[in-house]
Amino acid sequence: MPAMVEKGPEVSGKRRGRNNAAASASAAAASAAASAACASPAATAASGAAASSASAAAASAAAAPNNGQNKSLAAAAPNGNSSSNSWEEGSSGSSSDEEHGGGGMRVGPQYQAVVPDFDPAKLARRSQERDNLGMLVWSPNQNLSEAKLDEYIAIAKEKHGYNMEQALGMLFWHKHNIEKSLADLPNFTPFPDEWTVEDKVLFEQAFSFHGKTFHRIQQMLPDKSIASLVKFYYSWKKTRTKTSVMDRHARKQKREREESEDELEEANGNNPIDIEVDQNKESKKEVPPTETVPQVKKEKHSTQAKNRAKRKPPKGMFLSQEDVEAVSANATAATTVLRQLDMELVSVKRQIQNIKQTNSALKEKLDGGIEPYRLPEVIQKCNARWTTEEQLLAVQAIRKYGRDFQAISDVIGNKSVVQVKNFFVNYRRRFNIDEVLQEWEAEHGKEETNGPSNQKPVKSPDNSIKMPEEEDEAPVLDVRYASAS
């Protein structure tokens with residue numbers, strides 16, 4: 001049979017003119033192969049060689065004008081048949097573009113990004129939260145002894161002019177390393193005019209005692225130079241009548257005295273003393289204006305009251321005369337006393353920090369509540385039947401609590417108050433409960449014999465209801481006189 005040639009499909013409208021030579025060459029090769037099939041074996045071999053050369057020439061002729069764009073593939077089958085497939089590279093790009101939509105714009109909500117609405121209030125709140133974030137400047141360390149810490153603070157104050165808070169902040173910055181902190185102290189200049197509330201109160205108190213004698217004031221504020229005291233005095237002098245702590249305290253005391261006097265007058269009412277005072281006032285009004293003695297006395301009293309109010313320290317500050325005399329007596333003694341007080345203040349602040357740290361740790365542990373640490377409650381159901389152990393336990397509870405049925409019920413655990421009362425009635429004779437109660441009354445007195453006032457009296461033995469287990473159980477020996485017999 002003649003060999004069948006499979007021709008690859010062509011795309012219509014693309015390169016038909018160029019493929020005419022390849023088609024004619026393929027047809028010639030096919031006719032040569034058909035004629036060779038009917039000839040002798042020798043002729044068949046010759047014609048096969050000619051056909052193969054013709055097909056090779058056709059392939060080269062087809063590839064030359066197309067510049068490598070068209071390709072021919074021939075494969076020999078096991079039975080001698082051959083097949084060829086041809087395809088074009090130019091058509092592959094167009095088909096892929098058609099499959100993927102041509103690479104155009106993608107329209108639709110699924111291709112768009114979701115942009116949140118602009119909220120200026122939320123933005124301002126976030127910026128405010130960032131601004132309000134605090135920074136930790138000091139935290140105590142257990143590995144650092146108090147003696148080393150006091151020595152470090154003294155060096156920072158005397159040599160470099162740091163106050164206690166600044167020195168501790170530097171130490172915390174270097175992770176509680178004293179050597180690094182001491183080496184870094186000269187590299188910074190502390191703010192010299194930083195006046196805390198305590199410093200301002202001490203200055204006002206010292207100024208009320210010593211006036212403008214600044215070297216005396218410096219004895220109460222040893223970490224301040226005289227130049228700093230003078231500078232603060234002139235800035236404090238301008239606003240003294242408005243913002244002075246001592247003046248506010250004096251005005252407050254004066255207002256409290258006036259209110260107390262008004263309350264006393266309202267409480268007394270129109271009594272004979274008020275009438276006499278009113279008469280005295282009228283008589284004073286009748287005095288000629290030349291006599292101004294009472295007015296002078298009032299002015300003297302008012303000035304004395306003002307002086308007394310100014311001499312008193314502000315609220316929360318206590319000064320004794322001995323301490324003031326010790327500070328004012330000698331400069332060295334004043335420095336020693338103030339240094340001791342400063343050390344005490346440092347130790348107290350350190351204790352406060354340790355307590356705060358301990359409290360914060362305990363609060364972190366209690367974030368989940370106390371339920372994990374609570375012991376499981378054993379809930380026992382009430383049982384109407386009395387075992388031997390429960391009977392003995394009830395008798396011992398009666399010996400201790402008397403007629404307190406609630407306490408006896410709590411001791412037993414699985415018996416209610418009503419069941420305890422029934423036990424009193426049903427087992428009175430068996431356990432000699434009357435004698436046990438008499439012993440309890442003799443020990444605690446007769447005032448508590450009736451038990452709590454909200455409990456009802458126990459029924460008499462005549463009206464008692466016998467429990468079924470009383471008939472079934474064997475007689476039990478007396479608890480107080482238990483013997484082998």
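Using the three backbone atoms N, Cα and C, a Cβ is placed for every residue, glycine included.
The shown structure was predicted, so the numbers you read here are calculated from the model rather than taken from an experiment.
Swiss-Prot marks one residue of K14, K284, K297, K310 with the annotation SUMO2 cross-link, and that residue is K297. The phosphoserine entry in Swiss-Prot, when matched to the candidates S82, S86, S127, S464, corresponds to S127. When K122, K238, K315 are compared in Swiss-Prot, the SUMO2 cross-link annotation sits on K122. In Swiss-Prot, the feature coiled coil is placed on 334-369, out of the ranges 190-225, 334-369. Just one residue in K242, K298, K466 has SUMO2 cross-link written against it in Swiss-Prot, and it is K466. Across the range of the domain 'SANT 1' (190-241), the DSSP-based residue counts are 36 helix, 0 strand, 16 coil. Taking all protein chains in view, 10 other C-beta atoms sit within 10 angstroms of the C-beta of S260 (phosphoserine). Here S260 (phosphoserine) is positioned 50 angstrom away from S127 (phosphoserine), judged by their C-alpha atoms. Remote same-chain partners of the coiled coil (334-369), defined as residues 6 or more beyond its termini with a Cβ less than 8 Å from a stretch Cβ, comprise 138-140, 146, 149-150, 153, 164, 219-220, 222, 323, 326-328. Across the domain 'SANT 2' (381-432), the DSSP tally of helix, strand and coil residues reads 32 helix, 0 strand, 20 coil.
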